[in-house]
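Take a look at the structure set out below.
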Amino acid sequence: MHYCVLRTFLLLHLVPVALSLSTCSTLDMDQFMRKRIEAIRGQILSKLKLTSPPEDYPEPDEVPPEVISIYNSTRDLLQEKASRRAAACERERSDEEYYAKEVYKIDMPSHFPSETVCPVVTTSSGSVGSFCSIQSQVLCGYLDAIPPTFYRPYFRIVRFDVSTMEKNASNLVKAEFRVFRLQNPKARVAEQRIELYQILKSKDLTSPTQRYIDSKVVKTRAEGEWLSFDVTDAVHEWLHHKDRNLGFKISLHCPCCTFIPSNNYIIPNKSQELEARFAGIDGTSTYASGDQKTIKSTRKKSSGKTPHLLLMLLPSYRLESQQSSRRRKRALDAAYCFRNVQDNCCLRPLYIDFKRDLGWKWIHEPKGYNANFCAGACPYLWSSDTQHTKVLSLYNTINPEASASPCCVSQDLEPLTILYYIGNTPKIEQLSNMIVKSCKCS
């Protein structure tokens, strides 16, 4: 027994001290870049649920203005969000995600006060009754006082009163919009892709009227289900700017108009109706008249399922303590990771040109982006006489293929908004975690 104890003791002390450099496999910078480029290729296709790049089609001479407006407003929102974090010396709120948060539920009200009506919009043909005109009037930011249950075949408008939460605006951690999709047995299509937009208040008809948030594919005839959307940025904006609270728009993924560059005409498309039905938004009038069985069933399934917001806020005392803690951490890391010339773990610049580096022509905007990557050695920060070092040395001896020391990995990442084409159809998507902003040893 004493022999075994002595043997273990000697083993712990005689094993060489862990190396000062990371045991993670090392690569030269060219290899790092090639691997990063290939990883981005797979990441983009995977996030778009594509097994291979779309077939090459001739690029349009000009992208429709309404598509560019949506892309620009979504891109600007992400840039504003990143700028706010940088100015406040903030990271992703990993600490706040750990602690308990106060949750508030805000139900959709049945009515909103009357506001200024939109100016009449006409197309090149002079028509004001097309879907394009109607949509422009509803989305221009000056909404009529009509109840949410007013039936619109192509889209739905949802609004919320968050004025009671304005005093806690800085405490907002996350906001979720939840809406219950009802089963629609009479739907003409079995599946539709619905999109959620934030309605913007525009000063004129050239300004964007909506900002893309997210999309989901739903089965219209299937059993009902809750749909959740992250609307943190929109609600945060409403809490700080009350006049910008114009609600959300739920619509189909299809352009309402076709823009012809040669003569600047806008031709309204025959849009597919929104077959998905939502509790608390779609009244019984959306179903066939006289079908009392369907109406009764719909009312029962809609009970207690009003569209609502779930707001998660940190208590003020906890937010203050965590903000000071977070800023101290940022200051410590900044000097280590962002030197111009450094062999240790730090952020390395890498610009991806979609055509040059990936051979892709189907992404229209942006032409490329700063993807960046993390590389460098991760020295141990503990001394050689600590028991922790000895345990790691023993572990490294028993598991020579494993990494007992930290590796240089990404820490803060930001999303990327892209405008791309599938055939002749423009699409706008927000890809999460595409831009590396800082690194750490982990």
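Backbone N, Cα and C define each Cβ position, glycine as well.
Per Swiss-Prot, signal peptide is recorded for 1-20, and the stated evidence type is sequence analysis.
The secondary structure of N72 (N-linked glycosylation site), as reduced to three states from DSSP, is helical. Swiss-Prot lists N72 (among others) with the feature N-linked glycosylation site.
Just so you know, the Cβ of N168 (N-linked glycosylation site) picks up 17 other Cβ atoms within 10 Å once every protein chain is counted. Residues or ranges marked as N-linked glycosylation site in Swiss-Prot (evidence: sequence analysis): N168 (among others).
Per Swiss-Prot, N-linked glycosylation site is recorded for N269 (among others).
Taken from Swiss-Prot, the feature disulfide bond applies to C337-C346 (among others). Under the DSSP three-state reduction, C346 (disulfide bond) is assigned to strand.
Taken from Swiss-Prot, the feature disulfide bond applies to C345-C408 (among others), supported by similarity to another entry. Counting every protein chain shown, 24 other Cβ atoms lie within 10 Å of the Cβ of C345 (disulfide bond).
The disulfide bond annotation in Swiss-Prot covers C374-C439 (among others). Under a cutoff of 8 A between CB atoms, and with a sequence separation of 6+ in the same chain, the neighbours of C374 (disulfide bond) are C345, C346, L347, R348, C408, V409, S410, V436, C439.
If you look up Swiss-Prot, you'll see C378-C441 (among others) marked as disulfide bond. In the structure as shown, the Cβ atom of C378 (disulfide bond) sits within 10 Å of 22 other Cβ atoms.
Note: the Cα of C378 (disulfide bond) and the Cα of N168 (N-linked glycosylation site) are spaced 41 Å from each other. Over all protein chains present, the Cβ of C408 (disulfide bond) has 23 other Cβ atoms lying within 10 Å. Between the disulfide-bonded residues C346, C439, C441, the minimum number of other C-beta atoms within 10 Å of a residue's C-beta occurs at C346. Summarising the environment of N72 (N-linked glycosylation site), the number of other Cβ atoms within 10 Å of its Cβ, over all protein chains shown, is 15. Secondary structure at C378 (disulfide bond), as computed by DSSP, is coil.
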